[in-house]
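K.L.:
Here it is, the structure in full.
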Amino acid sequence: MTILSYDDDVSSFVAAATRCSPAAAPPRPVRIPRARVRCCEDTLGVPRSRRPTHDTELAQSQRFPELVTPYGAASYLPHHHHQQRYPPPPRPRRIVLVRHGESEGNVDEAAYTRVPDPRIGLTPQGWRHAEDCGRRLRHLLSTGDGDDWKVYFYVSPYRRTLETLRGLGRAFEARRIAGVREEPRLREQDFGNFQDRDKMRVEKEIRRRYGRFFYRFPNGESAADVYDRITGFRETLRADIDIGRFQPPGERNPDMNVVLVSHGLTLRVFLMRWYKWTVSQFEGLANLANGGALVMQTGAGGRYSLLVHHSVDELREFGLTDDMIEDQKWQMTARPGELNYNFITNGPSFFTHFTHHHHDKHKAATDDDTGGSATTPS
């Protein structure tokens, strides 16, 4: 190493520093992982790409015994390129949305002033609603070629929904019930703890003027808040479908059915989230009757459509517009992973100048056909 004094010139100092300092290594490039977005049923049933090892596959099969199939443990998970890849578990044939039977709060609003909302139970008529719904569900689910159909329930933890589940469950033998999960995210919209009947009537009138989706009850929730938690539940449901959570170990039953036992607004928000309906479309929907049900059933391509089971008139009565019904027709034949680029929520309806441009072109064509501007007949 060369040591310099103040008497040495600057050039000598630079030379010495150059000899002593090692060359700086070039900076290493930083790899930024690409984000992958999976939305609703557009990717539901489409296998996720993974790079597993034997150990990770074994760990997956131990964590999720549902993946143990007749082909061996975790056989449908991605394998090495030289190994055979098996299809994912079959999707549930139907997702059925059930509103609870008539509750004490439906017939007496004063019940909410003395009983917490989660503890409001069914009336005798509500129990009959639940049992009637169970019989209708059994008839629906048992209609088919095979006799191996089963049903898996998700239920809100509120008393009236749990009692509805017990009522409709009387129509099923134990061997038909694949499982039950209590799901707090399916609970009723929170109206703010104990309710004052007169104040609640005022709040509901304010909601009518403010807008049903965005109005938040004092100390409670708006429908937009419900939308957020339903989004989380939809992710859970999608993951359960992808891994075959409803299939007991070793089974691949194609006639599995899922039933959500919940509340009117919550179920409407679920449909809004699933089918990407707009706020205005949501606000035009009617409430399901107590003990009523809507059936989302797989069509020819594997996607869920309301039109496989319901008629156009039934969906119009529920509040679906022409555009929404056309999308349901598309859902009947589309496959998972496909997008309906002609649906209202995919673009042009948000831009008014497209409509004006179409009107101007139509008017110009009319003027050309008549040789000038159109005149009003006398």
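Backbone N, Cα and C define each Cβ position, glycine as well.
The substrate binding site annotation in TrEMBL covers Arg99, His100, Gly101, Glu102, Ser103, Glu104, Gly105, Asn106, Arg160, Lys199. Among the features that TrEMBL reports, active site, tele-phosphohistidine intermediate is placed at His100. The active site, proton donor/acceptor annotation in TrEMBL covers Glu188.
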K.L.:
Which one, from the binding-site residues Gly101, Gly105, has the smallest tally of other C-beta atoms lying within 10 Å of its C-beta?
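P.N.:
Ranked by other Cβ atoms within 10 Å, the binding-site residues Gly101, Gly105 bottom out at Gly105.
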K.L.:
How many Å separate the Cα atoms of Ser103 (substrate binding site) and the residue listed as 'active site, proton donor/acceptor'?
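P.N.:
Here the two Cα atoms are 13 Å apart.
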K.L.:
Let me make sure I understand the structure: which of the recorded positions listed (Arg99, His100, Ser103, Arg160, Glu188) has the fewest other Cβ atoms within 10 A of its Cβ?
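P.N.:
Counting other Cβ atoms within 10 Å of each of the recorded positions Arg99, His100, Ser103, Arg160, Glu188, the minimum falls on Glu188.
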K.L.:
Just report the maximum Cα pair distance in Å for the recorded substrate binders Arg99, His100, Gly101, Glu102, Ser103, Glu104, Gly105, Asn106, Arg160, Lys199, no decimals.
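P.N.:
26 Å is the greatest Cα spacing among the residues binding substrate.
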K.L.:
Just the number: how many Å between the Cα atoms of Glu188 (active site, proton donor/acceptor) and Arg160 (substrate binding site)?
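P.N.:
Pair distance, Cα basis, whole Å: 10 Å.
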